[in-house]
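**Student:** Got a structure for you, written out below as structure tokens; questions coming shortly.
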Amino acid sequence: MTTHSPVVTVDGPSGAGKGTLCMLLAEKLGYNLLDSGAIYRVLALAAIHHGVDLNSEDALVPLAANLDVQFKAEGELVKVILEGEDVSAELRKEETGMAASKVAALPQVREALLRRQRAFSAQPGLIADGRDMGTVVFPNAEVKIFLDASAEERANRRMKQLQQKGLDVKFDRLLSEIQERDDRDRNRAVAPLRPAEDALVLDSTSMNIDEVVAQAITFIESKL
């Protein structure tokens, strides 16, 4: 085993199951957890709480650099703790998402958050969940996993999730939305969605979560 803090990155498209896999890996290994998809929402929420102008890079950069946030895997949920307060529910609000879009458009803020994300690497290790963790944020990570699944399977999983919440959704619409997002993510100019060259590509289309976790653990153990 390595004596420093190992980093395990898990990248992949929307709906592939990264969040669930990362939570289970963090729990099984006792590692720290980084949910990079939530980091801009967390910063936006911190700015709102502190009355910081969402268009001011000068004010947002120090806030991003010193962002006091923890991600805790609890059962099937990731609890997000901002400055000691559970803000998981607030993060899901539409206004938080809109504010996150504003701060994410500022280059210096993105750079500050990149450094802040790297600071999550600490003993005993880190599970980093995102889209460019293995290619941009932690290019030197010891273990890189790219979790994929067919667009049809991801749409089907999403439909089941929404139906369990009592929502009436159409499969074709969900599939179209996923395909459009895939296209945007894979063809964007900055940090396009792609597996790192040294990543294990796991296709979870016909696998259950236990099988995915087992393969991931085997790969992690072979690398550390």
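The backbone N, Cα and C atoms fix where each Cβ goes, and this holds for glycine too.
So Swiss-Prot has the following annotated:
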type: BINDING; residues: Gly12, Pro13, Ser14, Gly15, Ala16, Gly17, Lys18, Gly19, Thr20; note: ATP binding site
**Student:** Can you tell me how many other Cβ atoms are located within 10 Å of the Cβ belonging to Lys18 (ATP binding site)?
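**Tutor:** Result for Lys18 (ATP binding site): 25 other Cβ atoms within 10 Å.
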**Student:** Would you count the other CB atoms within 10 A of the CB of Thr20 (ATP binding site), including those on all shown protein chains?
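**Tutor:** So the number of other Cβ atoms within 10 Å of Thr20 (ATP binding site) is 18.
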**Student:** Radius 10 Å, atoms counted are CB only; among the binding-site residues Gly12, Ala16, which position scores highest?
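**Tutor:** The residue with the most neighbouring Cβ atoms within 10 Å is Gly12.
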**Student:** Determine which residues of this chain, when Gly12, Pro13, Ser14, Gly15, Ala16, Gly17, Lys18, Gly19, Thr20 are set aside, have a Cβ within 8 Å of the centroid of the ATP site's Cβ atoms, and list them as they appear in the sequence.
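**Tutor:** Not counting the recorded site residues, we get Leu21, Leu147, Ala149, Arg154.
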**Student:** Compile a sequence-ordered list of residues in the same chain as Ser14 (ATP binding site), six or more apart from it, whose Cβ lies below 8 A from its Cβ; state 'none' when nothing qualifies.
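**Tutor:** Expected: Arg154, Ile178, Arg181, Asp182, Asp185.
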